[in-house]
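I have a structure here, written as structure tokens, and I will follow up with some questions on it.
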Amino acid sequence: MNEFPVVLVINCGSSSIKFSVLDATHCDVLMAGIADGINSEDAFLSVNGGEPAKLAHHSYEGALKAIAFELEKRNLIDSVALIGHRIAHGGNIFTASAIITDEVIENIRRVSPLAPLHNYANLSGIESAQHLFPGVQQVAVFDTSFHQTMAPEAYLYGLPWKYFEELGVRRYGFHGTSHRYVSQRAHDLLALQEEDSGLVVAHLGNGASICAVRNGQSVDTSMGMTPLEGLMMGTRSGDVDFGAMAWIASETNQTLGDMERVVNKESGLLGISGLSSDLRVLEKAWHEGHERAQLAIKTFVHRIARHIAGHAASLHRLDGIIFTGGIGENSVLIRRLVIEHLAVLGVKLDHEMNSLPNSHGERIISSKDTNVICAVIPTNEEKMIALDAIHLGKVNAPVEFA
């Protein structure tokens, strides 16, 4: 084993590979980057925010080869002791992270029809990493596994039983790695005992979800069988009356596939504003008086507040509301508006703390006389994946969480 082992974290998307290299002691990021445009002529690699370099080979393996070469240039290639893979969907098979074996790969393949765009890409990443890093232990970390502690009444749909029994149609939830990391950090920040605590975590980004965490376990979450359910998002509609979609399809002669495209790619902040799916653009328009941008933000906030309050009903006690994700960590406006909507819970905002930039890191943003503590905790999914890899794998280094 290398004296200074590192963990390579890989997140393969439908056309990209995001990667990070973290030291195995403190899980500090040593390098990070993205290969994008995979399987196209425009494929490129960018490392540490640098200029994109065109990839000679456009496949997942070609992109990983280029990433391995970058590690070699930095004398890190021989230090890779473990590889952690983010896997989009583990179905009801995986309730925790797992060391990758032939059986694990086969089970990932079995549940891949539940998330075909991402899981098959995840499998390509695993297979390519096995070829390029023979003998290096690999670990799969599932975005759905944290939510496998939900009770049937929380994950079942009100559909005929045969669809659950025969097809596995149920709520699985996503962003689990983020919700798990943030809830663990929240117990420290809020001085809570994990075994007797109640949190609602709001992961707000272009994709967004809420999670109720009781005694350290997920008991409810807003996303469902797919990431479409729940909150309104950048381009996703979130909760929508299926009858409305059936009526639109009938009136406009559109197919089910057309409707799926509409609710996934053309809705949400983009759909209402008609301007952008990027909240930063909409916030600027908000201050300029753009009415539909303002309406999009108000609708976004209303859904978030409603889901936070609803998820609190799954807890025995509400100790804290935690904001995370790109929007949750950076948008002073969204946090303020959401907390104002939650006055019914006795939540009060400290405007000065809320206005601090995200560079201030973990912080409490509620006032001292609030009934429920509100906080901002930057997520760190890469660190969570690396920690899981270290805990499951074999690496000769002392590990520190904080």
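Any Cβ shown, glycine's included, is placed from N, Cα and C.
Annotations for this protein, taken from Swiss-Prot, read as follows:
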| type | residues | note |
| --- | --- | --- |
| BINDING | N11 | Mg(2+) binding site |
| BINDING | N11, K18, H175, 203-207, 278-280, 326-330 | ATP binding site |
| BINDING | R86 | substrate binding site |
| ACT_SITE | D143 | active site, proton donor/acceptor |
| SITE | H175 | site 'Transition state stabilizer' |
| SITE | R236 | site 'Transition state stabilizer' |
Whole-number answer please: how many Å between the C-alpha atoms of R280 (ATP binding site) and R236 (site 'Transition state stabilizer')?
17
If you count other C-beta atoms within 10 angstroms, which of the binding-site residues N11, N206 is the most crowded?
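Counting every other Cβ within 10 Å of each candidate, the maximum falls on N11.
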Which residues in the same chain, at least 6 apart in sequence, have a Cβ under 8 Å from the Cβ of I327 (ATP binding site)?
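Once residues fewer than 6 apart are set aside, I327 (ATP binding site) is near L204, G205, A208, L279, I334.
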Taking Cα-Cα distance, which of the recorded positions N11, D143, H175, R236 are within 10 Å of R86 (substrate binding site)?
N11, D143
Since the record lists R86, H175, R236, R280 as recorded positions, which of them has the fewest other Cβ atoms within 10 Å of its Cβ?
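Counting other Cβ atoms within 10 Å of each of the recorded positions R86, H175, R236, R280, the minimum falls on R280.
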Out of N11, D143, R236, give those recorded positions positioned within 10 angstroms of N206 (ATP binding site), comparing C-alpha atoms, in sequence order.
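Near N206 (ATP binding site) by Cα: R236.
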Find, among the recorded positions listed as D143, D278, E329, the one whose Cβ has the highest number of other Cβ atoms within 10 Å in the structure shown.
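Most Cβ neighbours within 10 Å: D143.
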Using a 10 Å radius around its CB, how many other CB atoms surround L204 (ATP binding site)?
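For L204 (ATP binding site), the count of other Cβ atoms within 10 Å is 26.
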Which of the three DSSP-derived classes (helix, strand, coil) applies to N206 (ATP binding site)?
coil
